[in-house]
Structures are given as C-alpha cells and as structure tokens.
C-alpha cells in the first residue's frame, strides 16, 4: 500500500538522530492532496495485468501505451523507457548507493511503478516527505527538487520513466548527507 510520511528535516533541531513524523497516511486521496500542495504530482493507475518474467521494455511500453502517451504529451517529455531491477541485478549495490545520495535534476523525474515498490524521499524546505510508491503509482518530481530514492537492498520493481533528454537519468548531487538520518525502504 502506498504511504506518505512527512518529517521535519531536522535542520533546526539539536537531536537529528531519529526524526518523528508529523503525518503518516496510506489514504491515496490524502497522499495526492499533501503532495499536490507541495507541487508534486501523484496518480494511481489501475494495474492492467501481471508482468510476465520475460516481459521486455517494448512489451511494458505497449501495455501502458495510452497512459504513457498522455503523460508524455501533457509533460512535453521527449523519451520514455522502462527499467527493471531484480534482487540479483549485477549493479544493484552501486545503483542504490548513487540513488540514496541527495540530488536534483534539470528535468522532472516522472516514474510509474508497473510492479514492485520504491521510496521517493523529497527534501522540500524544512520538510522531508517519504513517499512509498507501489504498483500502479505514478509520481512526478519537478525539476530542481532535492530528493533521493531507495530501491531497497533486494530491489524488485519495474518502472516506466519519462525524460526531456536523450541521455536519460542525469543528476546533480548536493553533497548533503540528510538521507542518512531518515528511514530506508528496508
């Protein structure tokens, strides 16, 4: 089940070791409203069908073609792809480490979870929003938003990704170690 946990970022607190959430909700309408108030897009799409183990990128993109085209058109995104992470992925440790560092992008980060789950952590002013996205969830993080992503130590997800550039995922790391003070997906 999708979940939103809102924490103070701890920058004004003497005790930064174990933040206490200001809000925790698993109600989709409340998640959407809280994120929208902060400029973050969140939608839930019906999960069309189970993803076969052998499903490749073209199969995934075809299964969600109408929804993908709508997001691509509405957001002006140039390209779309699908990424699948498994517990035995050879680069899982390096990728998790990279994604866990706070960063920004020059473009929106838009993800739709076809299967599995991931934790988007958004550092917005004096708040940190931990957004657990699961199968059927779409999140749109605007360009320039400080955030990090946790796919877990044993990642198991497939996500559709939209981009404004042909290069794909390009991050600017902030150097802030804030992500170390907040819960992870595991």
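Cβ coordinates come from backbone N, Cα and C, glycine included.
Copied over from Swiss-Prot, here are the features:
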type	residues	note
COMPBIAS	10-20	compositional bias 'Polar residues'
REGION	1-21	region 'Disordered'
SITE	102	site 'May play a role in metal incorporation in vivo'
SITE	108	site 'May play a role in transmitting local conformational changes'
Rounded inter-Cα distance in Å - residue 102 (site 'May play a role in metal incorporation in vivo'), residue 108 (site 'May play a role in transmitting local conformational changes'): 15
Cβ neighbours within the same chain of residue 108 (site 'May play a role in transmitting local conformational changes') - under 8 Å, at least six residues apart: 75, 77, 140, 141, 142, 143, 162, 164
